[in-house]
């Protein structure tokens, strides 16, 4: 499975390095490779959260995310988005912004001899508004996950009290607003405070809009209700797709800004961050979904959200202070690694019991159908509020692998 999932990413990486060699020689190859590693390290937690959402989407929408979403991630967020930000901030047309990016001042100077700011300078100047938007979006994502009551907790001494407090209406919104006010009033430069406030508020509004619409249409799916077992389709899946794209955009902000510590060339950045980095993040997401890794390593999703919380804090702090991108990447990877190791320890201490012969009698696979029988009284209902004694699924409803996931039942 590993080879099948990652083969395309390795091919794209090899092709990108060849293009880099033709474009800028061996130096460009090194820079593109470094940017690819930077993007993967910064976005590993993104892949875990993507997988938690993607595994609930239908096969069609999974393909949309991995194709159309890939184009948006590579060209939209890693190439076009920075150009648009610079064009708007400097009152330039996009073509002029691209020309500015392709022709930086000699020696990497921040200004041209005539006093005009470079592309890198303009993008860094726009960083507070970008970081405030992404930071507030990710902060709400983190708070709404951590402050929700869950059967499984990782850092129980902290997550359980937060979940109890989170039952109070609007608690997460109050915390997010306090964080935004402190960011604008204390961390951001005085001349950027109003911009940070507006951008942060827009980040919060975007989260509420996308998350709220997605939840609304998910509950409206005919015949399914709010069950987490149901695969998202239609409008619910569409807003899930939008949610994933905004999430990817929020994760990419620090990578795009941090890329200038390695190279200011937009072609090199697009090859490294976009084609190599984003492709590997997509492959990691697919691998996690197909292997059922989130179910096997139960603390991994918790670790990813704690890493998101750390990244949100880093983005908000970066509105007024520069933080090393290597530290940012290592922090996220470190948190997820700790969650992964904790999951391994948990699995060793609590091994999953093997299914007994009696239990297997009530799960039979015959021909093209999977049948579950509830004649022992253990199977009583399926989110419908009425008793049942038998469930039959058509063959095309089964997962395309030999390991059946019966969590839905």
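Along the chain as shown, the residues are counted starting at 1.
Keep in mind that glycine also has a Cβ here, set from the backbone N, Cα and C atoms.
Noted in TrEMBL for the protein shown:
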type     : residues : note
TRANSMEM : 30-53    : transmembrane segment
TRANSMEM : 65-92    : transmembrane segment
TRANSMEM : 130-147  : transmembrane segment
TRANSMEM : 168-189  : transmembrane segment
TRANSMEM : 195-217  : transmembrane segment
TRANSMEM : 229-247  : transmembrane segment
TRANSMEM : 267-289  : transmembrane segment
TRANSMEM : 298-320  : transmembrane segment
TRANSMEM : 326-345  : transmembrane segment
Quiz prompt | Positions whose Cβ lies under 8 angstroms from the transmembrane segment (267-289), at least six residues beyond its ends | solution = 1-2, 5-6, 8-9, 12-13, 15-16, 19-20, 23-24, 28, 31-40, 43-44, 46-48, 50-51, 54-55, 62, 66, 69-70, 73-75, 77-79, 82, 102, 252, 255-256, 259
Self-check item: Other parts of the chain folded back onto the transmembrane segment (298-320), taken as Cβ under 8 Å at six or more residues beyond its ends
Solution: 44-45, 48-49, 52, 127-128, 131-132, 134-136, 138-139, 141-143, 145-146, 152-155, 159, 179, 183, 187-189, 192, 196, 251, 253-254, 257, 328, 331-332, 335-336, 338-340, 342-343, 346
Quiz item: Most CB pairs under 8 Å with the transmembrane segment (195-217): which of 30-53, 130-147, 168-189?
Solution: 130-147
Exercise. Would you mind listing the long-range same-chain contacts of the transmembrane segment (130-147), meaning Cβ under 8 Å and 6+ residues beyond its ends?
Key: 49, 85, 159, 162-163, 165-166, 171-173, 175-176, 179-180, 183-184, 188, 195-197, 199-204, 206-208, 211, 246-247, 249-251, 253-254, 257, 305-306, 308-309, 311-316, 318-319
